[in-house]
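Let me begin by presenting the structure, written as structure tokens, before commenting on it.
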Amino acid sequence: MVAGILRSARRIVVKVGSSLVTNEGRGLDEAAIGEWSRQLAALVRGDAGAAREVVMVSSGAIAEGMKRLGWVGRPREIHALQAAAAVGQMGLAQMYETKLREQGMGSAQVLLTHADLADRERYLNARSTLLTLLRLGVVPVINENDTVVNDEIKFGDNDTLGALVANLVEADALIILTDQKGLYTADPRRDPSARLVRQAKAGDSALEAMAGGAGSSIGKGGMITKILAAKRAAGSGASTVIAWGREPDVLVRLVAGEALGSLLVAQTQKTQARKQWMADHLQLRGSVVVDAGAAAKLRAEGKSLLPIGMTAVEGDFARGDVIAVRDASGAEIARGLANYAAAEARMLCRKPSTEFEKLLGYSAEPEMVHRDNLVLAAGS
């Protein structure tokens, strides 16, 4: 099972936590980051098989900031932690940029908050940017924007962020690197009879009972946050592997199909999960009417909706809102996330993408609704 899932994964999110990225909290572990960068580059280049698109979610900014500021212990005051994050993020980004460049790879720093992914317009902007970076062969290095929010420092973790990013880019797999070999039936540091869980269903309630409590004083996430992250990633069809980050060539060996760590299998296909998400959680804000040619292509081929095929726009919606796509008779063909607000969409009706910049003053997506954000109506 692990061989099939990881071998076939073409888009992967890798999350690495503070306890691995840092030298026991005393700044960044340069050798470890260099080693993961080497493996990331191998995956992107396809050194041992098919080329992959890889996103890195990395903690470590606060620990690096503490080192640069000369602090021995982790402060409790929120604004001190935010200041440390601001100082340390400089070093974290620089370290990844240096190590990936040594491997001939480009990198990009992306700072996100949970609010960015909860807002539909910002969600689409973040998604478009990340997918563009992946198409360019660049490795995005993502961290929580600790300087402007409190939630991650106080309660949250980058395991959750890793799962949200997996959902955002529709990853095939999430790999969480940790300081444990994987998920055990009990805490192996306290129970010598604890056994490694090789494979389970993501979302199995029994896993949470096994997971135990909080993590180290360096990071905030324990095994329970990884279980919950795997459950969240499974909601969009991504399976999760929890593995020891110090295992030699761990990433390369995983994508080659070697059974390392614990595999938590998603039970939902990606397309099914996306349909369920759009059907259950998003409110219809407006609609566009399309001509017969566009309607036929949508129904038969599931193509993206281009403005040139639109004849009318109904309602007042914003970029990122859910809209219906209707034929001339009013029958609903599909629903999807709008790349343009209603006022802009009206300007783009019947227009080719080559005219967008002249009409809008900027050039963005060529589609009104991208096929990845489009769900055909039942019976279409």
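Every residue gets a Cβ built from N, Cα and C, even glycine.
Annotation comment: Swiss-Prot describes Lys15, Thr178, Asp179 as ATP binding site, evidence class sequence analysis. Taken from Swiss-Prot, the feature substrate binding site applies to Ser59, Asp146, Asn158. What Swiss-Prot records for 285-363 is domain 'PUA', and it gives sequence analysis as the kind of evidence.
Cα separation, Lys15 (ATP binding site) to Ser59 (substrate binding site), rounded: 8 Å. Highest local Cβ density among the binding-site residues Asp146, Asp179 belongs to Asp146, counted as other Cβ atoms within 10 Å over all protein chains shown. The domain 'PUA' (285-363): residue composition by secondary structure is 28 helix, 24 strand, 27 coil, according to DSSP. Each of the binding-site residues Ser59, Thr178 was assessed for Cβ neighbours inside 10 Å, and the highest tally belongs to Ser59.
The least crowded of the binding-site residues Lys15, Asn158, judged by other CB atoms within 10 A of its own CB, is Asn158. Mean pLDDT of the predicted structure over the domain 'PUA' (285-363): 94.
Residue pairs drawn from Lys15, Thr178, Asp179, the listed ATP binders, are separated by up to 12 Å at the Cα level. Here the CA atom of Thr178 (ATP binding site) lies 12 Å from the CA atom of Asn158 (substrate binding site). Annotation note: Asp146 (substrate binding site) sits in a coil segment as assigned by DSSP. A distance of 13 Å separates the Cα atom of Asp179 (ATP binding site) from that of Ser59 (substrate binding site).
Residues Ser59, Asp146, Asn158 are the ones the record ties to substrate, and the longest Cα gap between any two of them is 11 Å. Mapped onto three states, the DSSP output places Lys15 (ATP binding site) in strand. Rounded to a whole value, the Cα-Cα separation of Ser59 (substrate binding site) and Thr178 (ATP binding site) is 11 Å. Thr178 (ATP binding site) and Asp146 (substrate binding site) have their C-alpha atoms 21 Å apart, to the nearest angstrom.
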